[in-house]
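S.K.: Shown below is the structure under consideration.
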Amino acid sequence: MLRLLRLLLLLLLPPPGSPEPPEPPGLAQLSPGSPPQAPDLLYADGLRAYSAGAWAPAVALLREALRSRAALGRARQECGASCAAEPGAALPSQLLGAPHPVSGPGVWEPLLLRATLRRAECLTQCAVRRLGPGGAARLRVGSALRDAFRRREPYNYLQRAYYQLKKLDLAASAAHTFFVANPTHLQMREDMAKYRRMSAIRPQSFRDLVTPLYWAAYDTGLELLEQREAALALPQLEEALQGSLAHMESCRAACEGPEEHQGAEEEGEGSQGGLYEAIAGHWIRVLQCRQHCVADTATRPGRSFPVQDFLLSQLRRLHEAYAQVGNMSQAMENVLSVLLFYPEDEAAKKALNQYQTQLGEPRPDLGPREDIQRFILRSLGEKRQLYYAMEHLGTSFKDPDSWTPEALIPKALRERLREDQEKKPWDHQPPQQKPLAHWKDALLMEGVTLTQDAQQLNGSERAVLDGLLTSAECGVLLQLAKDAAQAGARSGYRGRRSPHSPHERFEGLTVLKAAQLARAGTVGRPGAKLLLEVSERVRTLTQAYFSPERPLHLSFTHLVCRSAIEGEQEQRMDLSHPVHADNCVLDPDTGECWREPPAYTYRDYSGLLYLNDDFKGGDLFFTQPNALTVTAQVRPRCGRLVAFSSGGENPHGVWAVTRGRRCALALWHTWAPEHSEQEWTEAKELLQEEEEEEEEEDILSRDPSPEPPSHKLQRVQEKAGKPRRVRVREEL
């Protein structure tokens, strides 16, 4: 415990001279010299003014709320740095492992607590000077408001208020700032398109007011390197690295604030046990938060996953750029810094040998960058404590770094952590393309033919197959969809305008709803049975074609019809279904696809089985990740299946249906059995129950004393049980 508390106080000391993060552009202080007001009150007043249509007061209050929130973070970081640099702030030598430490039980305790009290006094006085009396407590906000600021919601209100005030350039800046962090926000996507069509708005107004500047420097540096302008790229890359380290310091300073752990303490996690248990619990949460700052710094706004080895990637580019301009000493510093992360990195060792050869003489004075050495030593010290707590106190810790030496992890934890990393690798690995011969050997069903393979469709893991349905089977399923739509007013499942286009009507039917309607006599039972049989037919073929080594499970089955609304098709410019991927959020601007909600991340393969072709438009098309360049197009017809992997390698959309009614069976498959479609099983059981009841009725009809109808009805109701809830999801 003594060693743990020594390290605790050592790591509480941030490096002196930490750079101060700049205030976000566009948030100039509205009341110079005065301490900030409570951000929660300012934000609430701003929303009230917004709701009342008082646009100018709303703008002033919302901007002041943002400034006040930023002021607290700056004050906390500056106070931490200044208190650590004060004379006498050093810890007593006895707590730092001096050659002759104080002996005796409890002798170290007064020294530890005295140092803690002095630091607390310094931080409190600094907060009073920066924020006013009681400022730290007054400016504390709850988790809901912190989340709102993290999602940049104030900028959503600001853009609307600026628009009402006819300040279009400011509106565009606020809208762009919100959209960067919320790229899937459909309303803001439409608003951004409108702003870009306005000639009065200058192109430079579409700027992010919040994103740390190091991202812009990083992107600029990469672009210059691609253009082989290493001399111009170096200042940008250095700025990006220093900005990344400064952002990490700001994030770490925020970890020491009480509000970051308020939620855990409210749930009682930090209030159990005595003094030392409370200290250890709070300190562990601080360390967990600090370690997460690596991922926070490496995560672009609007993304949920960080850039892998972000600092390391910057160091690699720096040593290569310095070598290109002939600065071998700086190149050696940066490549030696790379080797601090991965000592056995072959590419880095090879580059180091080249640089040493070009220098011509040994340079013992050259070593890794000091800022990177401090970062690694501090990070390893924190990891060591977290793994100790994980082993002995039962806490949790997810290491954000892949470079952590295995020797640092206690042996008792290594196997457990290795098992956790090996769980469900298909959740993270994209499907691998298989040879063409494999595709042709997978056609097992009689009458099914391969019309186009992945190569002919200009992509990977996509195929078009014909012959899965006869014309009679297509007719049965089309009649099922028609009967279900006509029964919509009675069943509560009426058609409605498409969620993807106001110019089309959308009708959907799940397998369970079809079975329920069939049991009620609203639709024919043959159609409901065929829907189940066909979905299993598609699953079997998709598994044989794409995934013979691993079972696929139906995840969701949906019979969908889209009908063109008459009189609303002239000069139509939209799509029936916008370009998207099925298991990840597609970002056309960067070409990346993020496997995260709201996407159905557990989907692995998709299928579209078409029922008709007597309509205009409605072709399926695949695009490049930019969602603009069409790579392949497929015309629907009865019995044609388009099957493909569900990830970002297969962005797709549907052209507008401008006449007629387009019907298809949409199916999604998963490798994860826990995400298999439960409604499919329920629908099958429901139809089997009905068959059994009909057989029993046939037997009873030959019985001289049949059961009274009232008793029969009661028995059927008891057997059916409670009505099942129907999930209705708007799918392709």
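Keep in mind that glycine also has a Cβ here, set from the backbone N, Cα and C atoms.
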S.K.: Which of these ranges is annotated region 'Disordered' in Swiss-Prot: 15-35, 414-434?
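M.R.: Residues 15-35 are the ones Swiss-Prot records as region 'Disordered'.
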S.K.: Quick test of your reading of Swiss-Prot: among 317-320, 357-360, 729-732, where does it put motif 'Prevents secretion from ER'?
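M.R.: Range annotated as motif 'Prevents secretion from ER' by Swiss-Prot: 729-732.
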S.K.: Report the candidate from His503, His652, His669 that shares the Fe cation site with His580, Asp582, as recorded in Swiss-Prot.
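M.R.: Candidate listed by Swiss-Prot for the same site: His652.
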S.K.: Helix, strand, coil residue numbers for the repeat 'TPR 4' (312-345) per DSSP?
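M.R.: Its residues fall into 27 helix, 0 strand, 7 coil.
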S.K.: Below 8 Å Cβ to Cβ and six or more residues apart, same chain only. Which residues does that give for Arg662 (active site)?
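M.R.: The answer is Cys561, Arg562, Ser563, Ser576, Asn612, Phe615, Gly617, Gly618, Pro636.
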S.K.: When the pLDDT values for the motif 'Prevents secretion from ER' (729-732) are averaged, what is the result?
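M.R.: Across the residues of the motif 'Prevents secretion from ER' (729-732) the model's pLDDT averages 34 on the 0 to 100 scale.
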S.K.: Using DSSP, would you call Arg662 (active site) helix, strand or coil?
M.R.: strand
S.K.: Based on DSSP, tally up the residues of the repeat 'TPR 1' (39-72) by helix, strand and coil.
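M.R.: Taking each residue of the repeat 'TPR 1' (39-72) in turn, the totals are 31 helix, 0 strand, 3 coil.
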